[in-house]
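So the structure is just underneath, and the comments pick up after that.
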Amino acid sequence: MSASRHGRMRSRLAALAVAAVAVTGLAACAPGGGGAAKPSHSDGPVKLTWWDYYQPGTTASDGLDTMIKKYEKSHPNVTVDRQYVAYDQLKQTLLQSAGAASVPDIVIINSPDHQQFAETGIAADLTKQLKDWGQLSKYPKGLIASATYKGKVYGLPITANCLALFYDKKALADAGLKPPTTWDELKEDALKLKSGSRYGLSFSAINNQQAVFQWLPTLWQAGGDLNKLTSPDSVRALDFWAGLVKDGSVSKEALNWDQTAAEVEFAQGRAAMMINGPWQIPTLAKDAPNLDYGVALLPKDKESASALGGENYLITDGPNEQASWDLVKWLQQPANLEYLAKQNGSLPTRSDTQPFSDSDAIKTFTKQLQVARPRAYGSNYAEIADAVVIAIQSTISGSATAKDALDKAAATVKPLLP
Amino acid sequence: MTAIAQTRPTVPRGTAGRRLARRSARYLFVAPALFYLLLLMFYPLAYTFNLSVFDVNAGNFLRGGAAFVGLQNYLDFISSPDFLSSLAITLIFTVGSLVFQHVIGFCFALFFNTGFPLSGLLRAIMMVVWVLPAVVSASLWRWMYAGSYGVINAFLGLFGIHTTQAWLTDPSTALPAVIISNIWIGIPFHMMLVFAGLQTIPTTLYEAAAIDGASAWRRFWSITAPLMRPVILTALLLGFVHTFKVFDIIYVMTSGGPANATNVLSIAVYKLSFEYFRLGDGAAAANVLLVIPLLLSIVYLFFRRREETSL
């Protein structure tokens, strides 16, 4: 190889290096900052993009389609492009599309995720609009709290729910039992109801947030809370839950059941009772039309409690903020809201609506709602919930004692709480 | 290279402009490959690295203003209590899967190499496992492992072992269960690589050995094994890199549970970035996940080069 060749090689390498530096140069700045443009309202035709995770073909999804079509008819300048995004991909997809500055205008999100999204800056601050609207007082405080971040409100609820105890009337009658009202009764009854391939109770202790949602009522009933996981009350709450599995009243597979799977066990007669929410009522009607079931308040310990769940509308901070708010406002009109609540199996989200007023199950749920508490643990809830799930799962599976598991979880959770 | 250098003086020298055109033509030829590398390989890597040295989270990802933290995210991840257990789980998962995938795949390849009737068809059918989307296979296995209605417990029942063991929800059996599923998925890949390698060994070698009276065992260790060494190494390396970052199978079967028993590094990275929105920490963790297969690849290339030069 000649000297000149060496030189050429060097210059080529230099060119490569320059190109490389140019590319790194593009990236060598603090990431982020590519936020959305500020709102600029116009009266021309508006196309709104809408995301939700209501599976196509379900009554909830059909209900939304009906309402959106109705709105488009009465507002000819607005078209709504509704897209389905699977629940477990929604958060990730939303964040990625925000990074690419192409977020949808309206998103339906699970209420405990709302604060996290408010923190990202994707969500539009609706505090002023809500004040002008003047109807916020008609909504239960807990529901609004889930959409509130640092004193500002970033959305409105579409559905509300809480957990209660479903029971198979025939199974209980055969065993000569009434629905349990205390922990002791629940423990005894669940054991008595176990027969053959049927377990006494089903709940979800799966490896995601649903398990925490399901366990929180027990934790609160005992007088514990996520900010005092090491307290004897919290330990007792976890021991009680794990004890139900150890007794054989609940199948070990609860560790792999989401709330839908817990419902399937109950619908198929493989569990005599289940802890679940009102959204299962339309599903049960479809899965087990002949099952005669009742709904009772969750058994209490020191106090009664349930977990408040639901979904919220989130409007993104962008040029279509006003048009989106108009649509959400329209959907909040009592008649429209009642229709959607029926389609969704939702409890009333406004004091002036009364869907399913004739159903005993909904009456019980509405009563249960009064002691239901929101999961308002700040924007780190997802990570807090994961630490708690590990504690729940390791206790139920017997790989750790409730105390050790909760001590470990508390160490993770403490710095994450607001 | 030398050939070009020798012919160079015979190329007629033109004007400066022509020389420039000739020179830029050279760069134009490299441009597509360079562009591809920079855009699709280098840029994401640089971006991830950049992300990993800032404290990027939900609050400042879009708004900007993340603080520069140097290598703190890396230190935090490596010193977090779950890192060592995740690393151990990942290594057990990878090595456990790889050893069995390769040995079983090798046996199948030897078997198919005998060329019995319909062997081509059967080989093609085996590939279906590899072609199936991971989500499908994982859902299938998840269902098979179920305690009360799973087909595996039903099968064990045939032999008088009656159990309702829920394989995936018991922390002591979840990892072995996931490994077994992954072995099943990976066998065809190793079988195909080994099979292709076996085809390149001339049959005359075996014939000569047979004439010399070498047993089948001897023929395997003295002909097949040494000649297959590069193929084995390649298959193991590719398998390692692929298995080390497996995400979908575990995510579908256990999502890292129960109680973190199958929490491999890729799941930890996913959770950091897309569930907790701690993108800086997630990027650092992703780079840690990248380093181990990368080191192994370098070791592999080093050995390959030494082997080639020794030939």
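Cβ coordinates come from backbone N, Cα and C, glycine included.
TrEMBL does not curate its annotations; it predicts them automatically.
Annotated transmembrane segment per TrEMBL: B:27-46 (among others), in sequence order.
The transmembrane segment annotation in TrEMBL covers B:83-112 (among others).
Look at TrEMBL and you will find B:87-300 tagged as domain 'ABC transmembrane type-1'.
The transmembrane segment annotation in TrEMBL covers B:124-143 (among others). Outside the transmembrane segment (B:124-143) by six or more residues, the chain places 108, 150-151, 168, 177, 181, 184-189, 191-192, 248-253 with a CB less than 8 A from a CB of the stretch.
Beyond the transmembrane segment (B:149-168), the same-chain residues lying 6 or more positions past its ends with a Cβ under 8 Å from any Cβ of the stretch are 142-143, 174, 177-178, 253-254, 258. TrEMBL lists B:149-168 (among others) with the feature transmembrane segment.
The transmembrane segment feature in TrEMBL is assigned to B:175-200 (among others).
Sequence annotations record features per position, and here TrEMBL assigns transmembrane segment to B:220-242 (among others). A Cβ distance under 8 Å defines the sequence-distant neighbours of the transmembrane segment (B:220-242), meaning residues of its chain 6+ beyond its ends; these are 94, 97-98, 101-102, 105-106, 110, 186, 189-190, 193-194, 196-198, 200-201, 205-206, 209, 214, 293, 296-297, 300, 303-304, 307.
Marked as transmembrane segment by TrEMBL: B:249-270 (among others).
The transmembrane segment annotation in TrEMBL covers B:282-303 (among others).
Same-chain neighbours of the transmembrane segment (B:282-303): 48-49, 51-53, 56, 73-74, 76-78, 233, 237, 240-241, 244-245, 265-266, 268-270, 272-274, 276, counting only residues six or more beyond its ends whose CB sits under 8 Å from a CB of the stretch. Long-range contacts of the transmembrane segment (B:175-200) within its own chain (CB-CB distance under 8 A, at least 6 residues past either end) are made by residues 89, 92-93, 96-98, 100-102, 104-106, 108-110, 112-113, 123, 126-127, 129-130, 132, 134, 137-138, 141, 145, 167-168, 224, 227-228, 230-232, 234-235, 238-239, 243, 246, 249-250, 253-254, 261-262.
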